[in-house]
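Record features (Swiss-Prot):
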DOMAIN    1-53  domain 'ClpX-type ZB'
BINDING   Cys12, Cys15, Cys34, Cys37  Zn(2+) binding site
BINDING   Pro119, Thr120, Gly121, Ser122, Gly123, Lys124, Thr125, Leu126  ATP binding site
REGION    401-435  region 'Disordered'
Amino acid sequence: MGKFEDKKQLRCSFCGKNQEQVKRLIAGPGVYICDECIELCSEIIEDEFEGNTESSPLETSNLPKPQEIKDYLDQYVVGQDRAKKSLAVAVYNHYKRINANKAEDDVELQKSNILLLGPTGSGKTLLAQTLAKMLNVPFAIADATTLTEAGYVGEDVENILLKLIQNADYDVERAEKGIIYIDEIDKIARKSENPSITRDVSGEGVQQALLKILEGTTASVPPQGGRKHPHQEFIQINTSNILFICGGAFDGIDKIIEKRGTKSSIGFGAEVKGKSEKNVGELLKDIMPGDLLKFGLIPEFVGRLPVLVTLEALDNEALVSILTKPKNALVKQYKKLFELDNVKLDFTEEALKAIADEAINRKTGARGLRAIVEETMMDIMFDIPSEENIVKATITEETIKDRKDPELEKLPEGEVRPTLKTEKKNKARKDIETA
């Protein structure tokens, strides 16, 4: 009888209910917990976990609209309005698709990866980086020229996924919603439109290797990178929801487009067209998948990049805007550098145009702007820390074109400019005195 009473007295150590008042009582070393308390603890932990994590911008309610995405891109990338619109719509649809496919539905939305085509320095990489920054998703950049087919010297395509996992701090679930930008994708084109008899390990072979991860597969990634071997553990990652953006200059594809658009005719009534009738940017707008096949991409690869976004070569006006307008514009960066030495830096309008002209002449686009400014500023940046009477430097057109010294404003001989810290203290003291 005593044993029966003892059995009835078994109680939950948390809520005090006995075993007859609950569905289940789980025993531990000297303690008991009921099913109700387990459920309550689970809810508390779940709420706390959700409270500590940022609200994901990728949920349908938080997903930025195409117009908002373009407005954000406008803050960092100058020009390329058509490309920004196309990218904004493609990215919006991609993450909307991820949320839609979570629900059980007969219709499964397929992934649309993106191919960016445009000359060097037109903003392809910056667009992809800025998108990832806005969406707060892991982002990785890979160079297609370093990739080779499995079994050959070079990087396996799985190493691209490893970079993404590393940038997500090895949070695979987060990495599975990231963005991968593969640069120089035009360099893995095969040498001709026709299939090659010989092995093309860095061209067609890489395209074949990329097919599966572009489409969506569960890939095995070596956690330390390098080649796979059978005795190591792998990280499993599903690429179905990873957005792949491939970019390339595709030098010479304009001739393929032009050839397709010009029907050759013979005789007195034949229409003769000048080669310079359309510039490269205008021709790229007319690109078709067939042009990419002629360039050397295989049909299966082109099929997995259905969204074609073209960028135009930047003109003088656009390059000047890049120098001055974005949040992190190059001119603003150099002004800040000089400000740290308490020196004011100015660029004349003619100097900015001369920098842009030089970038166009070098055919380096926006990417070459920093190199030109750095070359111009080298001597003055060398002198300023030592010459403590310089308070202002003005970069003129002659400074850029003829490498003449900038126009300098100096204090009278014997005077030294105050350090930035001293000037701030003096200003604060003056504010207090006048208060």
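Each residue, glycine too, has its Cβ placed from N, Cα and C.
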Mean of pLDDT values spanning the domain 'ClpX-type ZB' (1-53): 77
Cα-nearest neighbour of Cys12 (Zn(2+) binding site) within the listed binding-site residues, Pro119, Thr120, Gly121, Gly123: Gly123
Secondary-structure category, per DSSP, in which Leu126 (ATP binding site) falls: helix
Pairwise CA distance, Gly123 (ATP binding site) versus Cys37 (Zn(2+) binding site), rounded so that it is a whole Å: 56
Rounded Cα-Cα span from Cys37 (Zn(2+) binding site) to Ser122 (ATP binding site), Å: 60
Residue among binding-site residues Cys15, Cys34, Cys37 with Cα closest to the Cα of Pro119 (ATP binding site): Cys37
Cβ within 8 Å of the mean position of the Cβ atoms of Pro119, Thr120, Gly121, Ser122, Gly123, Lys124, Thr125, Leu126: remaining residues of the chain near ATP: Gly118, Gly247, Leu311, Gly365, Ala366, Arg367
Cβ packing number for Gly121 (ATP binding site), 10 Å threshold: 24
